[in-house]
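All remarks here apply to the structure that follows.
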């Protein structure tokens with residue numbers, strides 16, 4: 001569920017920013033994107049498990065996943081994936097033509113992301129590009145096109161946020177990753193992780209300020225951005241990269257970051 005929230009929340013930011021001044025976000029779009037987030041996060045997990053079934057058997061945390069454990073076949077998982085993507089397509093077809101094309105364009109990222117850990121130490125960057133597509137799609141679903149001066153800074157902020165939380169997540173598996181030969185930002189940054197996370201956090205906060213200024217956001221929005229800065233600072237300062245349980249706790253707490261921003265956007269609009 002943590003991953004579903006992290007996929008859904010950038011959609012809510014974009015839908016919220018797209019609302020007219022003085023108005024609440026479009027509840028129908030919020031609901032539609034919620035269903036879409038559940039389906040696409042599930043499809044992403046299925047694709048990931050299909051690509052990684054041989055690796056997952058060698059990692060303690062993932063060895064019990066159905067494909068890795070041999071509980072289901074590759075064909076069964078392919079059929080299941082077809083069902084997930086078919087339902088997700090039904091959601092996508094409820095949107096305008098611009099958004100349908102924009103949404104379909106993200107599928108290449110969804111399919112290729114799991115391969116990135118084999119070829120680059122920056123798979124978290126590709127995950128960020130994938131997971132934050134909703135920052136573009138939410139606005140276009142409301143207005144029929146993207147306002148790039150708002151959507152691009154919002155998207156960039158989301159990518160920086162993903163680099164923070166997924167680097168923390170990757171530290172859980174770094175010992176197993178070294179043994180089986182897969183790459184991650186956790187292995188690349190090593191003991192400098194906190195410096196990198198601090199840089200990504202600053203970039204995220206600055207980008208959120210740019211997005212807010214470009215759509216005339218008000219005081220509650222910037223208060224939420226400040227609260228997010230405090231949350232991230234505490235998260236990074238207290239992080240123990242050598243304790244998997246602490247890494248998981250910090251990773252999961254990022255849902256609070258996303259919810260804080262959404263509340264700030266709604267109050268700022270009102």
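Glycine is no exception: its Cβ is also placed from the backbone N, Cα and C atoms.
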If TrEMBL is the reference, give me the range from 154-172, 173-191 marked as transmembrane segment. 154-172
Among 53-70, 251-268, TrEMBL marks as transmembrane the stretch 251-268
Among 85-113, 125-142, 154-172, 193-213, 219-239, which stretch has the most Cβ pairs under 8 Å to the transmembrane segment (251-268)? 219-239
Tertiary contacts of the transmembrane segment (193-213), defined by C-beta under 8 angstroms and 6+ residue spacing from its ends, are 17, 150-151, 153-154, 156-158, 160-161, 163-164, 167-168, 171, 185-186, 221-222, 225, 228-229, 232-233, 236-237, 239, 241, 261, 268
